[in-house]
C-alpha cells in the first residue's frame, strides 16, 4: 500500500520559532548558554587544523626553539581552554534540555486532563494524544534534542562558510562538487524520514495495543484473573501477534534508513577521495607548499565534516520538526466547550436546579447510529429521577451529555432555563456530583480523595461529618493514620485496602463533601449484590434530599424510591411515571421488573439461608 502524503501542519521555521519563544519564557539561561557554545565549537577544530601548518612553517623557516615552544604552548592552551569550556557548556545544556522536554510533558498531561472529554474518546483525538506522548517519551525526543541540534546547525553553518571562503580561493569548482555530493546524501536521508512520518499513523494504534498488553501483564488489579484463568497464554499470544505486525513496519523503515545511510557513506567517500587526489596533484606539480597542503587537506576534511554534519542536522531538524508538529497538533486540538466568560452559576438560593433535554439528538463520533433521537425530558428542581432500560439504550449517553462530556448533535440542554453552552466549562462542572460505575480513587490520602480540589482549603470538620454520614467512621478509626492513610497499593506500600462496599461509602462521603445541586449516580453499585445496592441507593436518596438527583441502574428494585422513573428504549422515552404507575401500565418496565424480581427473590432466599449471591 502506498504511503499517504501528510503535509505537516507547521513548517520547520514555525516550529523553531515556537520552541525558541517558549525557551525564552521558561529558560532564558539555556538559550543564552547555547549561543555562547557556538564560537567555542567553531574555533576548536580550526585550531586543530592550524597547528600542523604552523609547526611545518616553523620547521621549514628554522624558527628558534623558544619561539617554537611559545607558539605550541599558546596553541595547546587555547585548545585546552576551548575544549574545557565547550565540554562544560555541552553537559550543562543537555541537563537543562531535559527540563525543556519535561515542560512539554506537563503541557500534554494538562491538555489530556483539561480537554473536552469527547476528544479523549474521539479516534482522532486518541491518535493525536498517542503521537504527542511518543514525541516526548525519550531523551532523543524533539523537544529536548532540538536545543543541541540548533546549536550544531549554527556551528556547522558558520564553520562551513568560514572554511568555504578559504577553499574557494583554491578552486570554486571544488566547493560546488562538495555541495553536490552532500546534497544527494541529504535528499536520501530526508526521503527516508518523510516515509516514516507519512506512515506513522499506521502503527500508532499497534504501539498503543502493545503498551496496553504490557501494562495489564504487570498490573496489580489484573493479577488475580491472570492467575486463576489461563490468561497468561492469551496475553503472550496477543503480544507476539502485535510484535509481528509491528516488526513489518520496523523493517520497512529500517530498510529505507539502511539505503539512505549507505548512499550517504558512498557520497562521502567519493567527495573526500577526489578532493584529496586534487590536492596531491597540486603538491606534485609544485603549485602548493607542504605546509599549505596540510592546511588545505585539513580544511577539506573539516569542510566535509561541516557539510556532512550540516546536512545531518538539517535532516535531524526536519525529523524533530515533525515530532514537534505532533506535540503542537495535540495541544491545539480544538475544544468546543466555553472556556471564557460565562453565565453566572445558580446560587444556593436558586437550588435545587431544574434540567431540561430539549429535542436532543446525538451520535458518537464516526458513527451514523443515533443513540438519542429528538429526546426531550424535563427534570423538576429537587426531583429524584431514575433512568432505566436495557443496555445500549442511551442512559449513560444522557449523563455524558448533561455533564458536558459530549455536545448534542442537535437540540439543547438547559439548566434552570439557561443553555448549558452559555456557562463557563469549569464553573459548569461545579454543578454536578457524579458517581460512575468505574470507581476512580487517586493514590493520595483518604482525606484528599474526599476533598480533591486543591484550589480550596480542606474543611476537616465537614470531611469528618461526611464520613460519619456515609457510614465509614469505623473503617477510618481502625486505620493507624486515619484520614491521612494513603490509597492504591501499586503506588503506596502503606495504602489501605477497601472492600467494594467501603469504596462506595467513600464515594458517598466525597459526594456529600462536594455538595453540588445536581447528583448523578450512573450504576456505581453494579458490583454489589441487589440488597447492598438497594441500601446504598436509599442512603444516597436520604442524605442528598433537596438536590436534583438522577439514578441509573439495571436493577429496577433499587430505584423504586424515586419520584419518577423513565424507561428508555432506542434513545426514546417509552414509559414514564412512579413505580406503582408503571407497574399498573403492565408495559416494558413491569415485564422487566417481574423478571428481575423472580430471579432475585430466589437469590435473596439463598443469602438469607447463608448462601452467596452468585
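A Cβ is built for glycine as well, from the same backbone N, Cα and C atoms used for every other residue.
TrEMBL does not curate its annotations; it predicts them automatically.
Looking at the stretches 103-124, 169-190, the one that TrEMBL records under the feature transmembrane segment is 169-190. The range from 204-230, 231-257, 258-284 that TrEMBL describes as transmembrane segment is residues 258-284. Per TrEMBL, the stretch carrying the note transmembrane segment among 3-29, 30-56 is 30-56.
Beyond its flanks by at least six residues, the transmembrane segment (30-56) meets 20, 23-24, 71-72, 75, 78-79, 82-83, 85-86, 89-90, 92-93, 96-97, 99-100, 147, 150-152, 154-155, 158-159, 162, 290-292, 294-295, 298-299, 302, 305 of its own chain at Cβ-Cβ distances under 8 Å.
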